[in-house]
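Shown next, in structure tokens, is the structure this report addresses.
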Number of protein chains: 2
Amino acid sequence: MADALKIGIAGLGTVGSSLVRILGERANELARTCGRPITITAVSARDKSRDRGVDLSAIQWFDSAVEMANTADIDVFVELMGGAEGAADQSVRAALSRGLHVVTANKALLARCGVELAVMAEEKGALLNYEAAVAGGIPVIKALRESLTGNTVSRVYGIMNGTCNYILTRMEKEGLSFEACLKEAQHLGYAEADPTFDIEGNDTAHKLAILTTLAFGTQIAADEIYLEGISNISIEDIQAAADLGYRIKLLGVALRTDTGIEQRVHPTMVPHDSVIAQVDGVTNAVAIESDILGELLMVGPGAGGNATASAVLGDIADIAKSRPGAQRVPVLGNPASTLAPYTQAQMQSHEGGYFIRLTVLDRAGVFADVATRMADNGISLESIVQRAKGSETDSKTIILVTHATTEQSVRQAVDAIKSGTYLAGEPQVIRIERPKAF
Amino acid sequence: MADALKIGIAGLGTVGSSLVRILGERANELARTCGRPITITAVSARDKSRDRGVDLSAIQWFDSAVEMANTADIDVFVELMGGAEGAADQSVRAALSRGLHVVTANKALLARCGVELAVMAEEKGALLNYEAAVAGGIPVIKALRESLTGNTVSRVYGIMNGTCNYILTRMEKEGLSFEACLKEAQHLGYAEADPTFDIEGNDTAHKLAILTTLAFGTQIAADEIYLEGISNISIEDIQAAADLGYRIKLLGVALRTDTGIEQRVHPTMVPHDSVIAQVDGVTNAVAIESDILGELLMVGPGAGGNATASAVLGDIADIAKSRPGAQRVPVLGNPASTLAPYTQAQMQSHEGGYFIRLTVLDRAGVFADVATRMADNGISLESIVQRAKGSETDSKTIILVTHATTEQSVRQAVDAIKSGTYLAGEPQVIRIERPKAF
């Protein structure tokens, strides 16, 4: 049997502790499958005294991840600290500079400077694996980076934030408000005390930026993602969506258009009978549409210590199975030096169907005016429904679902409607996304 | 750039011709991604004169695949002929004997002698890749063989035959009979003129046998799979399933039990709100339940020239990205010499819920007798419904859904019911399978 693969783990939170435990418990099976033992020779974390439920006494301890990356006797540096800057960034660079392989779960770091890191890794002939960075245990990086080699991807999209999907699912199933479901998610540990990063879509955007570069061979452009969170989705939207045969999900979507790459994160209506519509709770799902394979959808756990540790372990095992320096998998699917500049498609040019919900005063002529504004902007309607809002109010709800049109047309039509005097609330606009095959 | 990877393709049907075309059209992109060109230097097929829509004039032609495997100047032998024996078998063995890497889409060959071939490959340090052999374009082999390394799998199951899923979907959506939908599938090219191999479950069984060995580290045992096809599923079953909140799918299921591995292929009721229940038409889906990752479901095209060619191309690209002899991915997930003997769990011990549909004469006491037979065998019921069959007959339908029980109990109860005098038709028994997480 070949020499052991020596790994150093920086960060011993939930994922890091799970990984240490699993590498200990499964040492024999892993050595058999990989053709050599995998040995933890170094670890690093902030607090040495904390009890993590795993025995670290035989492993060299570093207070500093950077020092570990610079000096430890390791083949692979496993970064599980998180954070786009600081120690995570410095230690990964230090490890790559030494020619060490790197495995990381750090989406923020990759979204910020993944191309730079890829260049470093490829110059040194090192592997940089990051399956856990997007959609937890779902092997979407491997699918895009390896399985789909030779395919031209047209669209990649998915449910990549468990917190948002949990909240939207509970709102639909229990008829509860956004605020009530958020509190519940916080109570269950599915949402942070400050949930902004999840519910406003930033977390999804980091993951989407990584998928975009893998799918389209362009530079990473996390800052050029159109972003809308779920905090203004109401129970009325969810019920109206259900009535019309749709469900609302927070999707990250990237697609190639004639004018550039469209990257967006927003609440999205998906047809009720599509497979992705059925993905509930904290579960994640990612779909990839490509020209040779067709459509591929993967569903699984997007977070959690074990699921994330499983993805990290798969990345480590891939390194263990190859002889040192023998693999040439480009970090971002294509060699980092060949990535094309990112050209952003304008959001105004986005084409698709739209759901529009208007709260209007109960007056003659309103319905006709709304329909006219749509027609004026060349928008044809799949359906238009008017409903009373209940006896105690004199307002009504008008719900429109459009056929494919442009963002610009919809914004102009809505602005025209807002210039009238009959609106009794802010219009709600939700984009519709249709899976191609299922 | 490194030397070209030289491949020989045996078999130029739909998949082979697609592959030749794609390798030509995408040569530059593939060379960039893989770090070296991929060049077809040899091909083999039965009829040299047939027009396949691709230019083969610059490629060495072999009338015999075995001769090509034995003598051509190639690094990778790509077997796309099919068939468990004969030329496919002989040529793959010849290629592996020479230490060539092999890529194949041949499920029948692997189900019959995959372990032997794996031993040969591993002795020579050659790779044997076969992503296309199971569920077409869905990267389930890669997920089990690579991503899930270190996980203990508890169950793997899926919709792996597009013909059956198409027929069952059409029966449900259109209310048509099995025979009518089969004819339609044949007309559309989704079913063979002799559809036996698909509709009786043999095709699914071959795929399941391969997944079982990957999931559980046991020898391949394709002959020890419990098999029931879909030809006796009636529109009544499908409608009753829908009323009770289920859909009927032909599933291949393998799971680890206390007494051995359970492998079975049969029509199965899955809960209507599960994700896999939503997988319609010719689309395939495979679910894997494991202890660290949790549940993973992959959905995509299970057949077709392009989807299959995409999987074959991914396998070739994996070889192109690694230096010769540098990869140690065990062919069947675990080194072939360490695979455990296969121990078959007895079907009688199978545990799960059951759907039972009885056509009975409209007599007093029948309903009570049926309920008593169930109770006598320790079967508790989730629901029991009695329905008139329409005014022109004096028979009724009784539909039972059981809580978890054993195959033996159900067979004994049904035998007891058959020993009565009130049955007006053969009882229908369909097993229920419940996804764990979604």
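Keep in mind that glycine also has a Cβ here, set from the backbone N, Cα and C atoms.
In TrEMBL this protein carries:
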ACT_SITE  A:LYS207  active site, proton donor
BINDING   A:ALA10, A:GLY11, A:LEU12, A:GLY13, A:THR14, A:VAL15, A:GLY16, A:SER17  NADP(+) binding site
BINDING   A:LYS107  NADPH binding site
BINDING   A:GLU192  L-homoserine binding site
DOMAIN    A:355-432  domain 'ACT'
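Shown here: features listed in TrEMBL, placed on the structure.
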residue: A:ALA10; record: NADP(+) binding site; Cβ neighbours (10 Å): 27
residue: A:GLY11; record: NADP(+) binding site; Cβ neighbours (10 Å): 26
residue: A:LEU12; record: NADP(+) binding site; Cβ neighbours (10 Å): 23
residue: A:GLY13; record: NADP(+) binding site; Cβ neighbours (10 Å): 14
residue: A:THR14; record: NADP(+) binding site; Cβ neighbours (10 Å): 16
residue: A:VAL15; record: NADP(+) binding site; Cβ neighbours (10 Å): 26
residue: A:GLY16; record: NADP(+) binding site; Cβ neighbours (10 Å): 26
residue: A:SER17; record: NADP(+) binding site; Cβ neighbours (10 Å): 22
residue: A:GLU192; record: L-homoserine binding site; Cβ neighbours (10 Å): 13
residue: A:LYS207; record: active site, proton donor; Cβ neighbours (10 Å): 27
Practice problem: Let me know how many other Cβ atoms fall within 10 Å of the Cβ of A:LYS107 (NADPH binding site). | Solution: 26
Exercise. Would you mind reading off the Cα separation of A:LEU12 (NADP(+) binding site) from the residue listed as 'NADPH binding site', to the nearest angstrom?
Key: 17
Quiz item: What three-state secondary structure does DSSP assign to A:ALA10 (NADP(+) binding site)?
Solution: strand
Practice problem: Check the Cα-Cα distances from A:ALA10 (NADP(+) binding site) to the recorded positions A:LYS107, A:GLU192, A:LYS207 and tell me which is shortest. | Solution: A:LYS107
Quiz item: How big is the gap, in Å, between the Cα of A:GLY11 (NADP(+) binding site) and that of the residue listed as 'L-homoserine binding site', rounded to a whole number?
Solution: 19
Self-check item: Check: same-chain CB within 8 A of NADP(+) site center, minus A:ALA10, A:GLY11, A:LEU12, A:GLY13, A:THR14, A:VAL15, A:GLY16, A:SER17
Solution: A:ILE9, A:SER18, A:LEU19, A:ALA45, A:LEU80, A:MET81
Quiz item: Three-state secondary structure of A:VAL15 (NADP(+) binding site) from DSSP?
Solution: helix
Exercise. Cα within 10 Å of the residue listed as 'active site, proton donor' is the criterion; apply it to the binding-site residues A:GLY13, A:VAL15, A:GLY16, A:LYS107, A:GLU192 and give the hits in sequence order.
Key: A:LYS107
Practice problem: Taking only the Cα atoms, work out how far A:THR14 (NADP(+) binding site) lies from A:GLU192 (L-homoserine binding site), in Å, as a whole number. | Solution: 15
Practice problem: Compute the C-alpha separation of A:GLY13 (NADP(+) binding site) from A:LYS107 (NADPH binding site), stating it in Å without decimals. | Solution: 16
Quiz item: Using DSSP, would you call A:GLU192 (L-homoserine binding site) helix, strand or coil?
Solution: coil
